[in-house]
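Reading through the structure tokens given below for one structure.
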Amino acid sequence: MRIDIITVVPGLLEGPFAHSILKRAEDKGLAMVRVHNLRDYASGKQKQVDDYAFGGGAGMVMSIEPIAKCIEALKSERDYEEVIYMTPDGQTFDQKMANALSLKGNMIILCGHYKGVDERVRQKFITKEISIGDYVLSGGELAAAVVTDAIIRLIPGVLNDETSALTDSFQDGLLAPPVYTRPADYEGMAVPEVLLSGHQAQIEQWRFEASVRRTKERRPDLLEG
Ligand code: 6GU
């Protein structure tokens, strides 16, 4: 899977994909993330990517031309299955959406800034609009990094232990159970006995019950329906 991210602040996206699981995914050839500076597609000396809103009001609007140029240049190189726009008025991102997107082919992610993009960008190019929650960020970049991370780690082969994504919180609709490592006793705080017992079936049963208990306590909304 290749993900092309279009932004006016490429510096915000230089860090996340050069490290850890995301870097390993890239090194293994399982995922490829490329960041594009929208300004490279702007014309004129000023390389302007935004303009005043028709009708007035505070805030600038991202213009259609540089975005169209960038998306069309990418599409001339390869096929894309989704063109995603990161915006606080998009559909709220969750694990279900991450699972669905991890099965897709190539994607373009456009990061919104200022007062957002000219509505005609959305009409002409965008296939999906995503928000990461009900709060406002300065731009879509950090949200795009969140979505990209959640998707890439689900691509088969990216994680070392193939089962570890399967036991994530939310993956089965429940929060993950508590986990422990050595020492078995830390200043009188003992690890639950069953985890030391070696009885795999009992351990799985304990983990399932702990997951249900934790979900009931912290996120009862997940258990509705
Ligand atoms: Cl995708 N963008 C911005 N600017 N703010 C957000 C968001 C996205 N998702 C939640 N807040």
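Just so you know, glycine gets a Cβ as well, placed from its N, Cα and C.
On a predicted model such as this, the values are computed, not experimentally measured, just so you know.
Between the candidates GLY112, GLY157, TrEMBL assigns the S-adenosyl-L-methionine site shared with ILE132, GLY133, ASP134, TYR135, VAL136, LEU137 to GLY112. Here the binding residues for S-adenosyl-L-methionine are GLY112, ILE132, GLY133, ASP134, TYR135, VAL136, LEU137. Their largest Cα to Cα distance works out to 16 Å. For the binding-site residues GLY112, GLY133, the greatest number of Cβ atoms within 10 Å around a candidate Cβ is found at GLY112. Sitting within 8 Å of the Cβ centre of GLY112, ILE132, GLY133, ASP134, TYR135, VAL136, LEU137, and not among those site residues for S-adenosyl-L-methionine, are the Cβ atoms of PRO88, SER131, ALA143.
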